[in-house]
Amino acid sequence: MKIAVFGTTLHAGVMAALLAEYGNQIYWCTCVSCEENISVLSYQDQEVNHYLNKQRKAGFLKESPFSEIPLDIEVYVFCFSPTQIELALKTVEKLSERPIIHPKLMINGSTFGLHGTEKLKQHLPKDEWVYFPDVIQEGNAINSVLDVKHVIVGVESRDASEIMQELLRPFFQFSYQYLFMPILDAEFTKLSISGMLATRISYMNDLAMVAEKLGIDIANVKHGIAADTRIGAAYLSPGVGFGGENFSHDILTLSSTVLETGTKSRLLEQVWAINEQQKEILFRKLWNYYHCDLSGKTVAIWGASFKENTSNIHNSPIHILLAALWA
């Protein structure tokens with residue numbers, strides 16, 4: 001298939017790389033307003049860069065200005081960050097002005113909250129629209145796509161679901177791996193998954209604080225909880241709080257969505273409050289250790305990113321720690 005991918009996010013890079021890896025011709029537009037001299041994008045994740053460079057050399061992946069994207073593209077993929085809704089709208093508006101023969105398959109891989117896909121569709125109403133949630137995990141980007149057992153896809157028609165299965169068959173070969181549902185349901189599911197993971201993290205951090213006061217080794221508690229097959233081991237490690245641009249944005253968007261219904265979610269409020277308090281824990285331990293006097297101390301910090309195997313410090317606890325040390 002001829003596929004156009006829009007965006008500079010890690011999700012965009014992974015989609016461009018993997019779709020090219022399986023024989024599709026990819027035109028990757030990283031700058032909608034640029035007409036020439038498109039820069040070659042790279043990421044901190046070297047495995048993603050390897051796939052991208054491999055497909056550039058093979059000729060299946062081409063960075064392309066908007067004006068040079070062929071008119072016979074079969075699938076358009078939009079992978080923007082949660083804060084780039086205006087750029088996404090500008091992109092689909094420009095596409096609506098091109099002499100494209102409709103309908104085409106339009107895949108929204110951006111997390112713009114509820115009705116985000118509908119906002120994009122308003123500019124291209126004749127096309128088949130799909131919502132394909134961003135499940136990319138920084139530091140493990142390629143495997144976070146290839147290793148999932150089921151994939152959530154928001155669709156509005158059988159034609160769209162059939163084309164999506166054809167497109168994704170190299171990654172997900174069996175029909176039972178596809179969880180097709182209405183687009184709005186899929187958008188809410190994406191936010192709800194992030195909310196569930198955040199709840200597990202904050203719950204374990206809360207337990208860790210209690211365990212410390214009781215003289216209990218939280219590592220033993222964690223292993224015991226993980227051994228229960230109803231729970232499993234994922235997202236049970238206590239730490240200094242979650243961060244990252246997309247994950248944090250999902251939690252805030254979910255909380256805002258709940259408020260808009262007139263319902264107040266005390267659980268989500270507690271999850272966020274616990275996480276923000278947890279970001280202060282290292283400073284509190286340091287403060288107590290030196291009896292509330294850090295004057296003249298030199299502090300070295302090892303590791304500033306919001307998680308392992310990435311250099312991203314967006315919403316990382318490091319910001320809270322530095323602010324406290326500088327105060």
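Backbone N, Cα and C define each Cβ position, glycine as well.
Note that the structure is a prediction, hence the values are computed from the model and not measured.
Close to GLU138 (NAD(+) binding site) in the fold, though at least 6 residues off in sequence, lie LEU10, ASP45, GLY244, LYS307, ASN309, THR310, ASN312, each with a CB less than 8 Å from its CB. Taken from TrEMBL, the feature NAD(+) binding site covers THR83, THR111, GLU138.
Cβ contacts within 10 Å of GLY239 (substrate binding site), excluding its own Cβ and spanning all protein chains shown: 14. In three-state terms derived from DSSP, GLY239 (substrate binding site) belongs to neither a helical nor a strand segment and is classed as coil. Marked as substrate binding site by TrEMBL: LYS190, TYR235, LEU236, SER237, PRO238, GLY239, GLY243, LYS307.
Here TrEMBL flags 186-276 as domain 'UDP-glucose/GDP-mannose dehydrogenase dimerisation'.
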Diameter of the substrate binding set by C-alpha atoms, the set being LYS190, TYR235, LEU236, SER237, PRO238, GLY239, GLY243, LYS307, in angstrom: 24
Per DSSP, three-state class assigned to LYS190 (substrate binding site): helix
Binding-site residues: THR83, THR111, SER237 - member with fewest neighbouring CB atoms within 10 Å: THR83
GLY243 (substrate binding site) CB neighbourhood, other CB atoms within 10 A: 21
Per-residue Cβ crowding (10 Å cut-off), top of binding-site residues TYR235, PRO238: PRO238
Distance [Cα-Cα, Å, rounded] between THR111 (NAD(+) binding site) and LYS190 (substrate binding site): 8
Residue among the binding-site residues LYS190, LYS307 whose Cβ has the most other Cβ atoms within 10 Å: LYS190
